[in-house]
Amino acid sequence: MVSQLTDAFARTFYYLRLSVTDVCNFRCTYCLPGGYRPDSHGAKRFLSCDEIRRISHAFAALGTEKVRLTGGEPTLRRDFCDIVAAVRENSAIRTLAVTTNGYRMARDVGAWRDAGLTAINVSVDSLDARQFHAITGEDRFAQVMAGIDAAFDAGFGRIKVNTVLMRGVNDGSLQAFLHWIRRRPIQMRFIELMETGDGSELFRRHHVSGATIRTQLLAAGWQRRLPGRSDGPAQVFWHPDYLGEVGLIMPYEKNFCASCNRLRVSAVGNLHLCLFGEQGIALRDLLQEDAQQAALQVRIAAALRHKREGHFLHQGDSGHTQNLSFIGG
């Protein structure tokens with residue numbers, strides 16, 4: 001039996017990003033500007049709670065320590081708390097996180113924590129309510145801010161906030177974000193805009209390197225923090241005068257893929273070795289019975305033989321990723 005997921009480049013995989021739906025109720029300009037549209041084959045049958053439980057059990061047995069539930073908007077699923085509880089059945093999973101647009105946080109975050117959720121990432125691309133509305137297509141800024149407060153009240157000690165960095169949109173907002181996190185335990189994460197199949201023109205207009213933010217941080221006395229083995233790819237910076245931190249995710253940086261530690265499973269049960277990779281390796285046929293666990297683990301481990309050393313974004317190759325709701329970014 002395979003005991004640990006390792007690829008041909010000696011990278012070990014402790015982190016699973018598990019999409020539970022493609023559906024999202026926001027219309028973010030960099031992801032789903034026209035809103036969610038079912039494909040021509042009709043409504044997809046997303047992974048059931050039992051299938052998710054079997055996936056998480058297999059990955060936990062293969063050394064996974066961290067699972068992040070993604071989408072789409074994962075909290076739109078009516079059984080979201082059941083999904084959280086199913087993943088938390090695995091004691092080897094030390095961190096169970098969600099990436100959310102925050103739409104339901106104010107109402108439901110306490111229930112998520114009670115079910116076993118341990119970490120939250122919230123997408124907030126602007127601290128200006130009008131600009132937030134323009135980016136997301138939803139006038140929900142106050143609601144999302146209330147949700148962040150509710151998460152702290154529910155007992156989450158630190159929250160991560162994701163901001164997609166866009167030239168001419170929010171790249172001049174660093175000081176506003178830093179002021180916001182000065183007395184709040186928030187890790188502010190600036191994510192470089194990435195080119196996808198549907199977003200090439202947006203990328204050409206708005207991409208800006210996260211290095212511009214890094215230069216400003218270092219000049220202001222911020223210091224780099226070393227990552228843990230199940231952390232994501234962010235370069236994290238701290239400052240003694242701030243409760244919050246800043247993370248930079250820069251996929252176009254040299255050697256970005258050298259420390260890759262995550263795999264992805266789509267909402268229909270395909271294993272993706274890279275966000276910008278192949279069409280995926282089907283797992284769903286091995287998710288129907290608990291007795292299939294050994295075969296499932298063997299298939300997952302065998303797939304790693306095909307993982308490439310890096311992506312090809314610099315050549316404009318985004319693989320089969322049409323938009324970031326497809327396998328959860």
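Positions of Cβ are set from backbone N, Cα and C atoms, glycine also.
Since we're looking at a predicted model, the values are computed, not measured.
The domain 'Radical SAM core' annotation in Swiss-Prot covers 8-229, and the record cites sequence analysis as its basis.
Look at Swiss-Prot and you will find ARG17, ARG68, THR99, LYS160, ARG262, LEU263, ARG264 tagged as GTP binding site, backed by sequence analysis. Its Cβ taken as reference, ARG264 (GTP binding site) is surrounded by 23 other Cβ atoms within 10 Å in the chains shown. In three-state terms derived from DSSP, ARG264 (GTP binding site) belongs to an extended strand segment.
Look at CYS31 ([4Fe-4S] cluster 1 binding site): DSSP puts it in coil. Annotation source Swiss-Prot lists [4Fe-4S] cluster 1 binding site at CYS24, CYS28, CYS31, citing sequence analysis.
Taken residue by residue with DSSP, GLY72 (S-adenosyl-L-methionine binding site) is part of neither helix nor strand, so it is coil. Marked as S-adenosyl-L-methionine binding site by Swiss-Prot: TYR30, GLY72, SER123, MET194.
Here Swiss-Prot flags CYS257, CYS260, CYS274 as [4Fe-4S] cluster 2 binding site, drawing on sequence analysis. Over all protein chains present, the Cβ of CYS257 ([4Fe-4S] cluster 2 binding site) has 18 other Cβ atoms lying within 10 Å. According to DSSP, CYS257 ([4Fe-4S] cluster 2 binding site) sits within a helical segment.
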Conformational class of MET194 (S-adenosyl-L-methionine binding site) under the three-state DSSP mapping: coil
Which binding-site residues sit within 10 Å of THR99 (GTP binding site) - Cα, from CYS24, CYS31, SER123, CYS260: SER123
For CYS24 ([4Fe-4S] cluster 1 binding site): DSSP state (helix, strand, coil): coil
The one of CYS24, CYS31, CYS260, LEU263, CYS274 whose CB sees the fewest other CB atoms within 10 Å, among these binding-site residues: CYS274
